[in-house]
Amino acid sequence: MSHRFQTIAVVGAGAWGTALAAVAARAGRNVTLYARDADHAVRIATARENPRLPGIPLADSITVTTDLARAARADAILIVVPAQHLRGAVMHLAPLLAPGTPLVACAKGIEHSTHKFMTEVIAEAAPRATPAILSGPSFADDVARGLPTAVTLAAPDEALASALVQALGSSTFRPYHSTDVRGVEIGGAAKNVLAIAAGIVSGRDLGASALAALTTRGFAELVRLGRAYGARSETLTGLSGLGDLILTCAGPQSRNFAAGLALGRGEPLPAGKLAEGQYTAPVLVELAASRGVEMPVAQAVAAILSGTVTIDAAIEALMLRPFKAEE
């Protein structure tokens with residue numbers, strides 16, 4: 001089947017949605033950027049700039065709208081809303097879609113209430129659409145400014161994944177296509193939780209050695225869970241797995257790292273900045289347990305977030321686990 005994507009819609013006009021609209025515009029596509037809030041849409045359309053990305057002008061080929069039906073007419077649609085709001089956004093969009101329209105989830109997480117991955121949510125909320133997932137090491141500000149970035153885009157059909165990559169790729173944004181949808185989703189969800197752990201380590205001033213150990217052992221957990229779901233090794237060690245983990249464990253530009261940093265310092269969580277890992281942690285632990293997978297770092301994060309254990313007690317418990325061979 002031939003896929004041609006000249007028009008791209010982005011549903012969600014936050015920083016990441018606007019950055020991805022810029023990506024599609026640089027790739028030569030005609031872009032519709034949908035904002036649910038009318039005032040926000042007017043501000044962006046009038047200033048030709050998103051206040052969440054100051055100093056970065058919108059390309060002329062980006063049209064800002066509050067008309068969801070207009071967005072639904074695009075050849076492919078990027079859904080750029082938080083993971084816990086994905087179902088609602090897709091349900092509103094579903095009746096307006098042509099059969100087979102690709103819906104690309106651009107959130108990293110697991111639906112808290114159902115334990116469903118992002119493409120599973122899309123499949124349930126819009127059965128006539130074709131789900132896909134975009135993930136990888138990418139901060140909105142870097143992407144919006146046109147700094148070199150590489151990500152993974154996965155869909156069940158390789159031809160579709162390849163066509164979407166061709167539609168979005170440019171000299172500054174390099175997507176790799178894959179059919180390992182679940183592997184990509186697991187990498188994105190797990191790294192959010194591990195980034196909170198990395199932030200806690202940094203907030204506690206436990207040192208670079210501890211951060212390196214945490215990141216490495218956390219990655220081992222990500223790999224174990226991925227293998228239990230049949231993920232490919234090249235996905236887990238690729239951009240959407242190891243690559244994204246490295247980025248989000250590296251500094252406070254990551255919302256999940258920033259949340260962990262605040263926890264480690266004994267400060268309130270950052271206001272107005274959603275850290276998906278807060279929702280994902282308990283779900284990830286339950287999914288791991290259902291597959292017989294040990295994830296002690298993720299368990300520690302979930303316990304800290306729920307208030308059932310202190311940070312110091314969680315760290316001590318991790319360090320006092322039985323000694324064993326590295327795997």
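Cβ coordinates are placed from backbone N, Cα and C, and glycine is handled just like the others.
Record features (Swiss-Prot):
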type	residues	note
ACT_SITE	LYS191	active site, proton acceptor
BINDING	TRP16, ARG36, LYS108, ALA140, ARG255, LEU274, GLU276	NADPH binding site
BINDING	LYS108, GLY136, SER138, LYS191, ASP244, SER254, ARG255, ASN256	sn-glycerol 3-phosphate binding site
Practice prompt. Count the other Cβ atoms sitting within 10 Å of the Cβ of LEU274 (NADPH binding site), across every protein chain shown.
Written response: 18
Worksheet item: Max Cα distance spanning TRP16, ARG36, LYS108, ALA140, ARG255, LEU274, GLU276 (NADPH binders), Å?
Response: 23
Response to the item:
Here the binding-site residues are SER138, SER254, ASN256; the one whose Cβ sees the most other Cβ atoms within 10 Å is ASN256
Worksheet entry | The one of ARG36, LYS191 whose CB sees the fewest other CB atoms within 10 Å, among these recorded positions | ARG36
Fill in: Shortest C-alpha distance to ASP244 (sn-glycerol 3-phosphate binding site) - which of the recorded positions TRP16, ALA140, LYS191, ARG255, LEU274
LYS191
Worksheet item: When you tally the Cβ atoms that lie within 10 Å of each candidate's Cβ, which of the binding-site residues (TRP16, GLY136, ASP244, GLU276) has the highest tally?
Response: ASP244
Worksheet entry | Those residues of the chain, 6+ apart, with a Cβ under 8 Å from that of ARG255 (NADPH binding site) | PRO270, LYS273, LEU274, ALA275, GLU276
Worksheet item: Can you count the other CB atoms that lie within 10 A of the CB of LYS108 (NADPH binding site)?
Response: 27
